[in-house]
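If you check TrEMBL, you get these features:
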type     : residues                                                                                 : note
DOMAIN   : B:124-500                                                                                : domain 'Myotubularin phosphatase'
BINDING  : B:Asn273, B:Ile274, B:Cys336, B:Ser337, B:Asp338, B:Gly339, B:Trp340, B:Asp341, B:Arg342 : substrate binding site
ACT_SITE : B:Cys336                                                                                 : active site, phosphocysteine intermediate
Amino acid sequence: MEFAELIKTPRVDGVVLHRPFMPTVEGTLCLTGHHLILSSRQDNTEELWLLHSNIDSIEKRFLGSLGTIIVKCKDLRMIQLDIPGMEECLNIGSSIEALSTLDSVSLMYPYFYRPMFEVIEDGWNSFLPEDAFKDLEAMTDEWRLSEVNRDFRVCTTYPPLVAVPRDVDDDTLRKAAGFRHGGRFPVLSYYHKKNGMVMMRSGQPLTGTNGRRCKEDERLINATLRPGKRGYVIDTRTISVAQQAKARGGGFETEANYPQWRRIHKAIERSNVLQDSLVKLVEACNDQSHSMDRWLSKLEASNWQTHVKEILTTACLAAQCIDREGASVLVHGTEGTDSTLQVTSLAQIILDPACRTIQGFQGLVEREWLQAGHPFAQRCSMSAYSNSKPRHEAPGFLLFLDCVWQVLRQFPCSFQFTEQLLVLLFEHAYASQFGTFLGNSAAERVRLSLPEKTVSLWSWVNRPQEIDHLSNPLYEPNSLVIWPSVAPQSLLLWEGVFLRWNRSPRCQEEAHEEMVHIIEYNKELQNKVNSLRRQLAQLETQEPPLQTP
Amino acid sequence: EEHERYFNVEQVRLLDRFSSKSTSGTLYLTATHLIFVESSPSSPSSAVLHHHIASVEKLSLTTTGCPLVIQCRNFRVVHFVLQRERDCHDIYSSLLRLLRPVAYEELYAFSYNPKQNDQQREEGWQLIDLGAEYERMGVPCDQWQLTDVNRDFKVCETYPRDLYVPITANKPIIVGSSKFRSKGRFPVLTYFYQEKKAAVCRCSQPLSGFSARCLEDESMLQAISKANHNSRFVYVMDTRPKLNALANRAAGKGYENEDNYSNIRFQFVGIENIHVMRASLQKLLEVIGNRSLSMSDYLMGIEGCGWLRHVKAVVDAAIFLTKAVTVEGASVLVHCSDGWDRTAQVCSLGALLMDPYYRTIKGFMVLIEKDWISFGHKFADRCDQLDGDPKEVSPVFTQFLECVWQLTEQFPQAFEFSEWFLLQIHEHVHSCQYGNFLGNNQRQREELQLREKTHSLWAFLMEEQQNYQNPFYSSVYGKTHPVLEPSTLPYHFKFWRNMYHQFDRSMHPRQSILKTIHTLKETSLKSAQTLRALENLNKEVHLNTSAWPKGKESSYYVDCFQCCVGHTKE
């Protein structure tokens, strides 16, 4: 077994664990193939079970023979282990480094994990495209489910089934795919029931410097327009970035070739910029200096909040085109796997009440992120503490979750779930016992046999006790479109993720418990009142007793 | 004097500050308010109290009409467009005349009549009793006494009549000390921490110049020290930046020389003066008033204006004070220059951290009454109640309320009141509708006969107190956490949107947790009543089915039913 070779020292006694806002624990440190475990061997003390894959980087320090390892996790937590013995400390350190950076997917924990809970519904089958399409079919017959990508040949990052206009045949799709980055031809992302308008997404058109055009591509997207109606192309890049893309064979839809479409450019940053932003933000949050100016200037310099605002603004724009202007929309950036998905998924949060339920939100993540080919494995292989130079890493999904949190903050009664679900998805996207976020596309997930060999996160989330835990007690279904404010004054730093380990959680938790208590007490009273009323009403309808003379 | 005649202008447009939306309606000018009534009958009217107006500006004529921009002290900004320039000018010049009266008697409080009789009004003024408050703290006691030295405002005209001093501080010491202190504000007790018998005292800066000393003042501090057996020394907190205190020496003022006072520990805490605070808030408002503000400009603007840095400095000072008193058991003497701005902030905020009573609705009123009103925070000058010196205006009290808000954010269960309470107090500090905050000190208030001629805000707030309750408040919290220990890491200080954008609805969350929970709590209260009524009825019915009170039951039943239905559909 390869793991054994990597574990030079499997256990050390007398290790002291320091965690913020928690008492220190002394115990035995054990390394297994997938976990770092600290056990105090006392029943009532919480032990540390940390997935190696959650470790972003470590830092070693020595003071005499006492070694200290600071473990920095992908969920942004930082813990400190004081390890007696220099050799032990060095061994533990190098083992952790090796185990947390395993290259082979098949060695990942999800392949070894066996659920300790009863799987009621297999999450791998919870959100199948054909089921989603059934809902669409009930609303309109203008769309069909194409199998053109059955074997992932037309587009390696699309799922086998995609929804396309009914009147466009597979041959046209194949040709359009040849004209789009990564073969990502325009497909349906969202159908707005209220007015029949749609949102599509794709990769950039490959016009190049010569202004190449593709009749099939034009036909495909024009087929989504109602007679006499114009649509909007929302390009998530600035015009200058889009212009530059031409030199590399990319480009954008020109007015000449797409006269029925109005193009709007926005400025959502690319992966490497976002990763840099995350690193700077987390660094700012961990700065323990008491200077207000320093904090604010670091927060500003990280640009994180700017990205949040830009993404939300673009999503609002897409939603506005659809709901207010009554126009269909095509969204793309360059590859169509990052900023595009942020916009299409957030627009649905705004437009579609179904996406604001626990199940609906999972469906949205499944459809618009996992099936749509966001390369999770590449994007989430490192988080904010990694010392390696980022290659494909980017917090695009985290930014999406942050934006959802902003909307949730502004509409605290319109979501069936709480912030907890968002935090949970963030954690599992970066490190998990479940197979859901492994791989980069539907094709890879099939190749890795994930549905057969690993457990789905949704299997775990959709158990009654977990649903209960994630439910928002304030939820009142709201069938309306919800327009968030994108003014800087309305957008906040997501403390639940970025300051999670820097503040004592007790106060907030207690207030939340109090809120739950108030709501439950209210319900209980209502029920009692109702049942008493029923009893009385029954008594009243009974025959009145005979009057005694 | 004849009241300003009502007049109105039709077809006025009210522009939304942050969007392109506008509504049209009629503008009415009355003696006390500027009222805008929207044309569509269902929409509510909005009124601006003249006293709330900080500035009126007539912008240059545009194609759509003549714009009139009104900035208010409660951070409301109204932008009207009037069709005719003449109307605009009339409103403008009338407002200029009305917004800053020259005599106190012209303020709204003297004409405001909430339909209360004299007895009710008098009871309202008796609601807060500072004598009882000092008793609650445990003074007078064996170490602290009530002195009558200022009974006639003779020793210090900006202090209240009743003052508490160490028992060993006799009249010559007090009078001597007062002569050595700016504006005669000698050291007196403001809070007594019973558990450690440690006192929080306040005063103004000593008139020490470069070398002057005063034996009575030294004895005064000695007396304060001796009154506390827990500590061998007294902290003297000068809340100013050191540089400012040094500069004051040239004007014959300054700070205590540790060599002259036995057993003191001197400490600067560096809160900026009223002019810096005024400019800072002004800059903040400019930043956030920007219509298409980028995130970067917003964050740089918040940093650049320094407001949150100043708020943090005040909280930091209060924490220093609290630790000295509660952890070390030392008494602390707090002062700044005159001892009515920064000193009031630090003393009251410190007391709030030390004593759960001040975190209740009633207790918070008492705290403001004691540390701000009675000790002579110059509300009239700072809030620009009369036409006065603009350099005297400063948002010191607003800043204090903000510090409290920042604490409520860190301790959601510690305060009986919600943010709405703070906002309402802020509203009325500037409205001049109630007598409490009029004038600059107690002596002046007595001269104005405010108790006889105006109403008290506290009674009004008390009556409405259910609106200001924090639904998350836990009365147990104060017992388990008598002393609050806030973190002052910078990210705990946030921009107070609901204060500075309170009238900009588009900035607010579209649904409010506070409001929802509030409603639920009220619903529960009503349901509990209904439940009790139903249970009694049920018992009655079961006990005596033969005497079935048919008619009575039905109407009773209907009452209960409506009570339930009425609020489930809230």
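Backbone N, Cα and C atoms are what each Cβ position is placed from, and that goes for glycine too.
Feature annotations (TrEMBL) mapped to structure.
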residue	record	CB count, 10 Å
B:Asn273	substrate binding site	17
B:Cys336	substrate binding site	27
B:Asp338	substrate binding site	19
B:Trp340	substrate binding site	27
B:Arg342	substrate binding site	30
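Spanning the residues B:Asn273, B:Ile274, B:Cys336, B:Ser337, B:Asp338, B:Gly339, B:Trp340, B:Asp341, B:Arg342 that the record associates with binding substrate, the maximal Cα-Cα distance equals 12 Å. The residues near the substrate site, meaning same-chain residues not in B:Asn273, B:Ile274, B:Cys336, B:Ser337, B:Asp338, B:Gly339, B:Trp340, B:Asp341, B:Arg342 whose C-beta sits within 8 angstroms of the mean position of the site's C-beta atoms, are B:Ser204, B:Thr239, B:Arg240, B:Thr343, B:Val396, in sequence order.
The secondary structure of B:Arg342 (substrate binding site), as reduced to three states from DSSP, is helical. Reduced to three states, the DSSP call for B:Cys336 (substrate binding site) is coil.
The secondary structure of B:Asn273 (substrate binding site), as reduced to three states from DSSP, is coil rather than helix or strand.
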